[in-house]
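Annotated features in TrEMBL:
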- 6-124: domain 'Putative oxidoreductase/dehydrogenase Rossmann-like' (DOMAIN)
- 142-270: domain 'DUF2520' (DOMAIN)
Amino acid sequence: MKEQKTVVIIGAGSIGQSLGYLLAKNGYQILGFVSRSLNSAKQGVNLAGGGIATTEHKNFILKADLILITTPDQAIHDIADNLFKQGLISDNTTLIHCSGALLSDILLSADIEEGKYGRLALHPLQSVADVQKGISNLPNAFFTIEGNQIGREIGKEILKKLGAEYEIISKEAKPIYHAAACVASNYLVAIADLAIKMNEKAGIDSSKAAKGLLTLMEGTLNNIQDLGATQALTGPISRGDIEVIKNHLDSLEELLPEKVRLYRSLGKHTTEIAQDKGTLTEKEYTELINKLKVGER
């Protein structure tokens with residue numbers, strides 16, 4: 001086995017450039033970047049400290065131990081398929097993508113026997129808004145590894161060098177894992193937006209509401225980190241205060257009736273958390289669940 005593994009990165013966006021820099025810093029040799037944008041490929045090469053910048057699949061790819069496809073999800077299969085058709089993947093190469101939604105199976109080829117090359121889905125539980133944030137945040141991110149045996153071993157090796165935490169998951173577990181990531185990130189944005197709109201109905205300027213709510217949300221996230229989600233729960237449902245919940249529902253019915261169903265759904269799950277926390281009597285739990293049922297007044 002080579003002491004220094006060689007890497008080609010296809011897709012020179014934020015995640016590709018960030019990983020290129022981090023891999024180069026941790027002992028991998030970056031052979032080059034392939035991107036639709038030559039400028040992006042050059043930026044990746046400059047960050048990694050060397051390599052070829054190109055917009056085309058070229059023979060230097062054959063020298064790669066690892067090929068990272070860090071493009072949008074919809075392009076990954078076609079890129080991998082084209083690499084196989086062009087004969088640019090050696091038997092001992094490992095193909096890697098960083099999609100949270102897609103399985104490593106998308107990197108399968110009918111032309112090469114299973115087991116002769118590695119397949120790896122290496123997903124960071126981290127949004128990478130730009131390259132600098134990626135460089136600073138990815139080593140502290142939690143990753144999941146899904147792939148064949150060769151790919152899993154490569155994934156563990158990469159993440160140990162980066163110093164990142166990880167878990168190996170099955171392909172059957174990938175959809176619920178990715179759904180959890182969407183809930184924690186995308187739906188957090190949706191909840192913040194809903195809270196801002198509710199404040200606007202109270203006559204509060206949206207920018208002031210956003211600032212105040214962000215402080216509240218940051219405090220809650222800190223409590224979750226320190227105490228865990230269940231013990232971090234506070235508020236009227238945690239106290240079993242059904243009169244407050246009735247007032248909330250009445251106000252929403254008047255001012256934002258289209259959001260009442262969402263409030264009820266979130267409230268029911270919050271009630272289950274409060275029950276797990278042990279702050280509700282059986283009577284309080286039953287009354288809250290009944291009050292939060294769709295159609296209940």
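Cβ atoms here come from the backbone N, Cα and C positions, even for glycine.
Helix, strand and coil counts under DSSP for the domain 'Putative oxidoreductase/dehydrogenase Rossmann-like' (6-124) come to 45 helix, 29 strand, 45 coil. When averaged over the domain 'DUF2520' (142-270), pLDDT in the model lands at 98.
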